[in-house]
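Enquirer: Mind having a look at this structure? Questions to follow.
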């Protein structure tokens, strides 16, 4: 029906990546999906303004619900974004959500930050 199509297009409009332009900050990997559907995608969200990983999730969740989507946090970590040298490192973990699959997050970052050297590691620091 119509509702599915509307939700699917809402899903398609959601940016895969929204992170700070520079610095080291917490990030989470979130699975966003159509309610009662199998259609979904993983998105990366990170910001310095978040003191804790759940602050990021608590901001996204209602936004997604308003679009008829549901989200689940797959884990978190940190992103070190050096815009001057065009380098990015994905590492660390979230106390609340556990460690995200940083390799998945790195693959999400690559097309958005083309020309960047993007690495990931399962290190805490």
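Any Cβ shown, glycine's included, is placed from N, Cα and C.
Taken from TrEMBL, the feature active site, proton acceptor applies to 53. The annotation substrate binding site is assigned in TrEMBL to 26.
For each feature listed, report its degree of burial, its nearest neighbours and the pertinent distances within the displayed model.
Expert: Residue density at residue 53 (active site, proton acceptor): 25 other Cβ atoms are found within 10 A of its Cβ, drawing on all protein chains shown.
The number of other Cβ atoms within 10 Å of the Cβ belonging to residue 26 (substrate binding site), over all protein chains shown, comes to 22.
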